Amino acid sequence: MAQLIDGKAVANALDEKTKAQVDEMIEAGMVRPGLTVILVGEDGASQVYVRRKIKACQKVGISSSEHRLPADTSQADLLALIEKLNNDPTVHGILCQVPLPAHIDTRLVLRSISPDKDVDGFHPVNVGRLSTGTGGIVPCTPLGVMILLQSVIDDFKGKDAVVIGKSNIVGKPVANLLLDAECTVTVTHIYTQGLPDICRKADIIVAAAGAPRLVKGDWVKPGAVIIDVGITRVLDEATGKEQLLGDVDFDNCQHAGAITPVPGGVGPMTIACLMANTVQAAKALQARPATADDLYEDAPDRSMFA
Ligand code: GUN
């Protein structure tokens, strides 16, 4: 049987570390890390996510605030709020929940968040910092993937890693992080030819295609480590119940060295990484003035990976 990588346990351990860092900051006389979440409109799923994020803040000692705005909020009013939060020294992380209503330009709004408070890691400045290996804030799911990998792999140098999916929020950042860790990285996508053979050579497979059970047992080398980022809701015809399916045929991949389940693998990591990112931002903002554009130019503090 493959070793099960328990996302809940790894997330809890990360939360403990984050809480300890918050306690250290308070003892050192620093301002308590603060996260502000903006929710525009009444989207049900978004309301659930936002509630979870606020609850996570309470767990690790991050102060949180919420701005719930009506669905007809103008783009100008939303941008004005973000500008105010960018200049508020008690706010270290700003997260604007997406999707936003159709009349709002999501890209523009996400780019208006100060890169130094962009705890989602979506701002092009943070994307650039990540792709040039100069630190910055790493998007939460890719960060979670790396921490899960680090829970079972000591030395990444020279390992063959395959990333399935080239999205901006998972595939590309994961590929950059694996490159930083000195892996040989192949990024594949829907038009990639010979995906099964590419996977068969891999020491690490990160599946983020959103294609249920894409990765078959005979694509996986014995001992490989598999992180399944996919999570697709499907109706089980036999029972009539909804099921959550990953991108990997979990049952037939038990010859892997280690594998994440779906659910209970990557999912729990995402909010724990948001908390870690908020503390990283709070430390960086208090270590140097927020005006400096080079806040993350130095070697990044990747201690949370350890
Ligand atoms: N909506 C669903 N997931 C996310 C996320 O990670 N960040 C933001 N900003 N919105 C989301």
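Glycine is treated like the rest: Cβ placed from N, Cα and C.
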According to TrEMBL, which candidate in Ile190, Ile204, Ile259 joins Gly165, Lys166, Ser167, Ile231 at the NADP(+) site:
Ile190
For the binding-site residues Ile190, Ile231, work out the Cβ neighbour count at 10 Å and name the residue with the minimum.
Ile190
Sort Gly165 (NADP(+) binding site) into helix, strand or coil using the DSSP assignment.
coil
Using DSSP, would you call Ile231 (NADP(+) binding site) helix, strand or coil?
coil
